[in-house]
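Engineer: First the structure, which I've put down as structure tokens, then a few questions once you've had a look.
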Amino acid sequence: MELIYFLFMKNTGWVGNILSTPHISNSHSNSHFKLQKRVKAGISWQQLPMDCSPTFCVPGLWNPFTIFCNRSSRRRRRLHSLGLAAMPEKRPFERLPADVSPINYSLCLKPDLLDFTFEGKLEAAAQVRQATNQIVMNCADIDIITASYAPEGDEEIHATGFNYQNEDEKVTLSFPSILQTGTGTLKIDFVGELNDKMKGFYRSKYTTPSGEVRYAAVTQFEATDARRAFPCWDEPAIKATFDISLIVPKDRVALSNMNVIDRKPYPDDENVVEVKFARTPVMSTYLVAFVVGEYDFVETRSKDGVCVRVYTPVGKAEQGKFALEVAAKTLPFYKDYFNVPYPLPKIDLIAIADFAAGAMENWGLVTYRETALLIDPKNSCSSSRQWVALVVGHELAHQWFGNLVTMEWWTHLWLNEGFASWIEYLCVDHCFPEYDIWTQFVSADYTRAQELDALDNSHPIEVSVGHPSEVDEIFDAISYSKGASVIRMLHDYIGDKDFKKGMNMYLTKFQQKNAATEDLWESLENASGKPIAAVMNTWTKQMGFPLIYVEAEQVEDDRLLRLSQRKFCASGPYVGEDCPQWMVPITISTSEDPNLAKLKILMDKPEMSVVLKNVKPDQWVKLNLGTVGFYRTQYSSAMLESLLPGIRDLSLPPVDRLGLQNDLFSLARAGIISTVEVLKVMEAFVNEPNYTVWSDLSCNLGILSTLLSHTDFYEEIQEFVKDVFSPIGERLGWDPKPGEGHLDALLRGLVLGKLGKAGHKATLEEARRRFKDHVEGKQILSADLRSPVYLTVLKHGDGTTLDIMLKLHKQADMQEEKNRIERVLGATPSPELIQKVLTFALSEEVRPQDTVSVIGGVAGGSKHGRKAAWKFIKDNWEELYNRYQGGFLISRLIKLSVEGFAVDKMAGEVKAFFESHPAPSAERTIQQCCENILLNAAWLKRDAESIHQYLLQRKASPATA
């Protein structure tokens with residue numbers, strides 16, 4: 001499953017203590033759902049940046065692990081005083097009993113697209129492994145009408161009652177006699193609701209080309225929502241085959257995991273047909289899917305003969321061609337990489353109007369947000385094309401890694417998502433080498449994971465998961481981005497040849513079965529002969545990552561390096577007594593060949609020394625070639641001084657320039673070095689040509705700007721932003737030049753948006769001119785320029801500007817354009833207009849999943865916007881929480897809305913609000929947000945004055961600053 005993490009592009013078990021004398025009811029007493037006709041449409045939920053001498057020394061870098069300890073200890077005491085240092089208690093749970101398990105589900109569903117209900121019939125071939133008089137299954141928001149069990153060759157036994165345990169999402173079927181060991185058939189008739197919560201079997205609103213509002217019936221089962229569509233054993237390790245039938249209006253498209261094998265008229269209604277699908281392979285319930293709606297499609301066959309289709313809204317088949325091209329290239333790539341064929345006869349990719357995540361890897365029927373699948377050749381921007389390529393690569397990787405071989409339990413979710421989040425880049429690099437996608441990985445995933453993992457309230461990659469409410473918490477940057485980063489590090493440590501060999505061994509051994517993390521390590525260890533488990537356990541079973549401190553000494557013709565590792569903490573140097581240790585694969589390069597590792601070592605102790613042979617005194621030495629190792633590096637003053645010219649003259653590779661800058665920024669944020677020194681380093685990027693390096697610089701300057709919005713010198717940091725970005729903006733200009741490509745388009749949009757938001761006069765004037773021509777139809781803006789132009793005119797506009805933007809939103813036929821506008825509305829400056837945007841966020845004009853990005857854009861737009869968004873969330877909490885029903889997007893909403901505060905008391909206010917308005921699936925996110933607020937406050941107190949003085953000094957003497 002692909003989550004939505006970035007505003008720019010793109011983030012279990014149950015207590016079954018049945019009472020000895022349970023309440024047995026024959027009246028379908030599930031209090032979660034009472035079947036009734038609903039003709040009105042409910043709201044559902046969805047979701048998804050120089051003047052400097054050639055060399056200078058950054059002081060304050062010596063002996064990093066002993067300074068600031070008192071401050072760090074005080075901050076941790078502050079966390080404890082707010083109750084933020086300890087994670088919430090785990091809810092008790094029990095997995096389903098093993099006495100009865102499914103072999104095959106024969107499932108027939110009849111959705112009513114007008115009343116938003118469905119009827120279901122289940123006939124499950126089951127195995128009774130231990131004699132029992134009850135069957136415990138997962139069931140939520142479903143009413144069972146009748147249930148019976150027929151032992152093979154024996155008479156049917158009717159259940160005498162159904163006991164729903166709503167909190168644990170279970171039902172116990174009780175029988176009047178003992179079910180003996182052996183096989184039999186479990187029959188259940190049931191009814192349910194096509195809900196508006198974007199989980200389970202739900203309704204998705206769309207508009208026909210003629211303007212009529214209609215609904216599709218679609219599914220989203222991961223992690224634990226198959227139980228909302230049919231009673232089942234809803235655990236990933238309880239696999240079975242599925243025979244699915246759908247009874248649907250004859251003018252609707254019906255899809256499921258497998259190909260259609262029969263379509264015939266339904267006896268009771270000439271307007272209805274019954275569609276039967278082929279039997280699936282053995283698979284987990286969370287991967288089952290079905291869709292009923294109106295769609296067009298484009299199709300092709302991969303070179304391996306697999307039928308590939310992309311389903312689009314009616315009239316938009318052309319917009320499916322890019323994803324179709326990517327999918328047709330991707331399937332053979334994965335088949336060759338894994339040396340395991342794709343096991344199904346077809347793969348469908350379908351755009352769903354209301355969809356909470358980015359996409360979902362249902363086996364053979366992958367569901368996507370429209371913006372994650374559809375590309376308009378004329379109106380889609382370069383970043384959208386790139387994102388679609390990545391999401392398609394991610395979901396198709398799951399067809400092997402996750403679907404063919406499935407995690408044994410949600411504790412191993414990271415194995416699915418971390419691996420897919422890594423190999424999607426490998427796939428896109430294969431299909432589109434011009435994207436320089438691995439450099440972008442560092443900015444999009446690696447540094448983002450490190451930012452979260454430096455918190456006291458992070459969690460290990462492998463985290464024990466119990467109750468369903470805990471599962472959504474781990475769909476985060478640790479499972480996805482840190483998981484991907486450590487697999488990237490592991491791939492580099494092993495080498496591609498042995499890595500592929502080990503992957504084939506793993507997939508072959510466990511196909512159609514379940515596996516745990518240790519199983520993958522065993523296969524890779526057997527393939528490589530390296531201590532994979534010993535190394536990787538230090539990365540997956542403990543949270544955090546190391547800071548490697550390095551100092552150097554020239555010894556004749558050699559360079560002696562002294563390395564030490566300590567846990568990196570966002571609050572400053574680690575001060576605990578028992579410091580965690582990692583086994584760290586370390587690469588070392590020199591200026592002799594910046595792209596080649598002169599030495600590779602495995603650092604398996606707290607301190608070690610290494611000797612680099614034949615390194616001249618004037619050559620620089622750098623750790624972490626390619627920014628592959630998941631650690632931060634702190635250099636001694638002399639080593640850093642020797643590296644900085646490599647930024648100006650570009651002799652350091654782009655990904656190493658990015659990594660060096662990002663490490664320094666994080667060290668400043670943690671109080672280990674001064675923020676002023678990092679600002680000086682940023683000014684050295686005046687000659688930088690690389691998009692991803694600029695993207696990371698932009699992101700870090702955005703974080704700093706948000707921090708300084710709490711001061712009275714916010715405009716000074718905007719002047720700094722303009723000074724840093726003006727030269728590259730002038731070189732790029734507004735219009736593409738002959739020979740430019742994908743990355744130039746991304747860079748131009750990034751730079752113009754940054755300059756426009758900061759109020760760069762020439763950029764603002766040109767943005768207003770082009771916007772006027774666009775609105776009047778004289779010269780339509782290119783897709784790559786729309787976001788920066790919209791942002792600029794809104795940031796420096798008025799009510800008329802906002803009204804024009806809302807009109808453009810209403811007129812937009814493409815969801816990408818609507819989302820593009822929604823994300824920038826929060827830039828509007830006045831308090832009255834901000835309230836108008838917030839009201840708009842909850843209106844029918846915004847798809848429920850996109851409300852989050854509108855509110856988040858307001859919170860990120862200004863200091864006033866942040867306060868207004870927080871008040872709006874508090875005032876509308878009941879509606880927002882009910883809309884998202886505790887899914888991972890509620891975590892996203894909270895994070896976007898409150899993380900930018902920088903006053904200690906706000907951490908207490910946020911904590912107090914969620915104590916009285918619980919959001920169980922967001923508990924960890926709330927802890928992390930409160931911790932970040934305290935960190936921001938400490939950073940502001942520590943460095944605000946020195947930053948102010950530096951900016952004033954630059955302003956007073958710009959030629960020598």
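Each Cβ is built from the backbone N, Cα and C atoms, and glycine gets one as well.
TrEMBL entries are annotated by machine, without manual review.
Annotated domain 'Aminopeptidase N-like N-terminal' per TrEMBL: 102-287, in sequence order. The feature domain 'Peptidase M1 membrane alanine aminopeptidase' is assigned by TrEMBL to 322-539. Per TrEMBL, Zn(2+) binding site is recorded for HIS394, HIS398, GLU417. Residues annotated as active site, proton acceptor in TrEMBL: GLU395. The annotation site 'Transition state stabilizer' is assigned in TrEMBL to TYR480. According to TrEMBL, the domain 'ERAP1-like C-terminal' annotation covers 620-933.
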Engineer: Long-range neighbours only, meaning 6 or more apart in sequence with Cβ under 8 Å: which ones does HIS394 (Zn(2+) binding site) have?
Structural biologist: GLU2, ALA359, GLU361, ALA420, SER421, GLU424
Engineer: With the Zn(2+) site defined by HIS394, HIS398, GLU417, which remaining residues of that chain have Cβ atoms positioned within 8 Å of the Cβ centroid?
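Structural biologist: After dropping the recorded site residues, what remains is MET1, GLU2, GLU361, GLU395, ALA397, PHE401, GLY402, ASN416, PHE419, ALA420, SER421, GLU424.
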Engineer: Please work out the mean pLDDT for the residues of the domain 'ERAP1-like C-terminal' (620-933).
Structural biologist: 95
Engineer: Just give me the nearest neighbour of TYR480 (site 'Transition state stabilizer') among the recorded positions GLU395, HIS398, GLU417, Cα to Cα.
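Structural biologist: Out of the listed candidates, the nearest Cα belongs to GLU417.
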Engineer: With an 8 Å cut-off on Cβ-Cβ distance and a minimum sequence separation of at least 6, pull the same-chain contacts of GLU417 (Zn(2+) binding site), or say none.
Structural biologist: MET1, PHE475, SER479, TYR480, GLY483
Engineer: What is the Cβ neighbour count of HIS398 (Zn(2+) binding site) at a 10 Å cut-off, with all protein chains included?
Structural biologist: 26
Engineer: Validating a neighbour-count step here. Other CB atoms within 10 A of the CB of the residue listed as 'active site, proton acceptor': how many?
Structural biologist: 29
Engineer: Give me the count of other Cβ atoms within 10 A of the Cβ belonging to TYR480 (site 'Transition state stabilizer').
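Structural biologist: Excluding its own Cβ, the number within 10 Å is 28.
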